There are 2 protein chains.
Amino acid sequence: MSVTAAAGFRAAGVTAGLKHSGNPDLALVVNDGPQHAAAAVFTSNRVVGAPVLWSRQCIQDGVARAVVLNSGSANVCTGPGGFQDSHATAEAVAAALGIGPIDVLVASTGVIGVRLKREKLLAGIPVAAAALADDEAAGAAAASAIMTTDTVPKVSVRTVATAAGEFTIGGMAKGAGMLAPALATMLCVITTDAVVPDGDEGAALLDRALRDATATTFDRIDSDGCMSTSDTVVLMASGASGVQPAEAELAAAVRAVAADLAAQLLADAEGASHDIAITVTGATTDDAALAVARAISRSNLVKTAVYGNDPNWGRILAQVGTVPESVAPYDPDQLDVSVNGVMVCRAGGAHEDPAGVDMAANRLVTILVDLHAGDAEVTLLTNDLTHAYVEENSAYTS
Amino acid sequence: MSVTAAAGFRAAGVTAGLKHSGNPDLALVVNDGPQHAAAAVFTSNRVVGAPVLWSRQCIQDGVARAVVLNSGSANVCTGPGGFQDSHATAEAVAAALGIGPIDVLVASTGVIGVRLKREKLLAGIPVAAAALADDEAAGAAAASAIMTTDTVPKVSVRTVATAAGEFTIGGMAKGAGMLAPALATMLCVITTDAVVPDGDEGAALLDRALRDATATTFDRIDSDGCMSTSDTVVLMASGASGVQPAEAELAAAVRAVAADLAAQLLADAEGASHDIAITVTGATTDDAALAVARAISRSNLVKTAVYGNDPNWGRILAQVGTVPESVAPYDPDQLDVSVNGVMVCRAGGAHEDPAGVDMAANRLVTILVDLHAGDAEVTLLTNDLTHAYVEENSAYTS
């Protein structure tokens, strides 16, 4: 069902001809209200695509009536002409729906540094508008149209019972856990029919819920440490259920959908043979735990060792050691490391025999590092570094 | 000639039996004076080997009479027993040479988390002491004995003519440009017969010269972003030439030898098919330029693109964009990128046709990024990410 599961939303996915493959490449998600509250989170990269520049402006007022997404071109590093392409795209959607262009968010994914095929995109918008529907097929079509190197569409739906009644939340996302050859981008649209307070108050509530959710889900999948120029996550509320949940109830639902989609992104990671769940516990703060987990997740030596099913705790400790004491206080002689539940390193030295660690049996590998410095714990998800990753990211020519 | 090129130094390289291969694995470098001034730089990792803990203490007084180096075991994460192994090694060298153990630096490289074969190492020390010689063969033997995954020994010698006369400086180093399966370590010993001021003044001069040299050479080869637990660079002066150069003359000589050895490390990088020279110019400060260069050098997407001979400037800009403005101010719309001299990106957008970039012809690939924000320029050397790197770092089992 994805984005059409919640009442008040229609979607479509069509082929505009932006992809060489001829696969669907244009998605449209429309909020029919009665409310049009929205929030969005974008990449923190300083080099961003024209769609991000456009959408950042549009979301300022906390209102969005539609999101148009295309695959086949990221429209990044394309200059003023590229920005005009995104602007024209919003204008075309606005004209087709009879709304204002400032209420139309734009998101693009695909090759960087190449102008998108503007005429084909603009010609496809009326086709998408005509195909808008609120059924399951329409939601599935939209989820498929935003795929690039994804092997499967990623969708998630939750129906939440509250004291006030039920509301529904659903979402779709695209992107490989590892960045794709053409800098494939993490795009996500989450819709809900929950009622939120009118005006800025409702938009602020959605913004808090979305930032909280992304900080603990999408921001904690770190596949190859490379930051995209186009990441966009949008949350829209239609109020069509007539049910107004408590902020905490809505926030929890957004987090659940985001977590589910994040896990699906990782499971579809290009070239990966293992997912790696890195848990850092005994840290003084969440930030300290996250810094240590990120240092481990970005080590090519750790990632290749996991690919080789080698519980190489020395490489893990070497990464822990790169985090400044000002960021993560700990005593190197107190560090414990467990891989798949086997404590191969205790108090900074060899402990149980690594031969007892079976890494080949499952896709998921768990790494637990105990800093013995505090009570904070964070889990970060990443992938191993494989021949397939090198192949997919080197064989490609732009 | 390496470490025996300078007058006043003897060296030896023998087989103690620490390596399964039976190759030479124990090196000894002795400063016969008349001066024994020394300086050393160690890894900044918080998780360090016992030899680093020992040698950091020894160098405090700015005096060193000998350096003993072994391959086959890094003696890292080996607890109090490991520290006793390093201490016993220094004691054995001191006994064999009739000097104090506090004047004996210890450096080890090899597998992490495993106790070294203490008895074999101690038994090898008298053999190494007996083999000490000041000739070319002895220097070559020492350079070979510290090799791990290196395919060739790395040595460098300079003779410098000054107003006061000639002095000689030479060095040896080991380590792959990319960290080896067992966290092979960058070890380097540089010797000179230059005269330095007596006492703390001379030691301080050597320390300044060594830190200046490493900051602009070894610290600017960043092969896979993984920091070792054992990096050790030692500089010793014997004064045997009777020539006291100006500090600037000595510093320049140390820098030249360090730069030569750093280039040799990179040229022998495991699995690499391309060296990559990343020059960031137009930066506000050297630190800003270095931060941007490091962000590029640590991108698996950039490194795999180079392996695929793809001048993928979008991946380069995406990395430039990850550096905070507080660290490196620039306008994303002013960024120029040239690959092998072809400006594929100008003012943040596509410029010359990437098809005109020939990356396959040479091992060296040059990436030039102009931030157009200032006058500072820094060059960082790295490697591409290849199938061979994944193979060598995943096939290994500790």
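Just so it is clear, glycine is given a Cβ too, placed from its N, Cα and C backbone atoms.
If you look up TrEMBL, you'll see A:THR185 marked as active site, nucleophile.
The substrate binding site annotation in TrEMBL covers A:THR148, A:LYS174, A:THR185, A:GLU270, A:ASN393, A:SER398. Annotation note: A:ASN393 (substrate binding site) sits in a helical segment as assigned by DSSP.
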Task: Count of other CB atoms lying within 10 Å of the CB belonging to A:THR148 (substrate binding site) - done: 23
Open item on the list: Using Cβ atoms only, which of the binding-site residues A:THR148, A:LYS174, A:GLU270, A:ASN393 are under 8 Å from chain B?
Closed with: A:ASN393
